[in-house]
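Peer 1: Handing you a structure now.
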């Protein structure tokens, strides 16, 4: 069987993501074994990047 539209109906038996033990978000991938949000299972450090944060506006000193 292919991987087209007909097979998407068979994808509801097991969830792809479950609740993460570390951050509590539904981002822990069962097959890959790590959390997409905090990186639990992949690294001991918390997953964080500068591009994912909102930038604070700096006040001009004029």
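Using N, Cα and C of the backbone, Cβ positions are placed for all residues, glycine too.
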Peer 1: Do you know which of 20-38, 39-57 Swiss-Prot annotates as zinc finger?
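Peer 2: The range carrying the zinc finger annotation in Swiss-Prot is 20-38.
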Peer 1: Go through 20, 23, 35, 38, our binding-site residues, and report the one whose Cβ sees the most other Cβ atoms within 10 Å.
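Peer 2: Counting every other Cβ within 10 Å of each candidate, the maximum falls on 35.
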Peer 1: At a C-beta cut-off of under 8 Å, are there same-chain residues at least 6 beyond the zinc finger (20-38) that contact it? List them, or none.
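Peer 2: The answer is 14, 46-47.
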Peer 1: If the Zn(2+) site is taken as the center of the Cβ atoms of 20, 23, 35, 38, which further residues of that chain fall within 8 Å of it by their Cβ?
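Peer 2: So the extra residues in range turn out to be 21, 22, 24, 25, 27, 28, 36, 37, 39, 40, 47.
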Peer 1: Could you give the number of helix, strand and coil residues in the zinc finger (20-38) as assigned by DSSP?
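Peer 2: Secondary-structure breakdown of the zinc finger (20-38): 0 helix, 4 strand, 15 coil.
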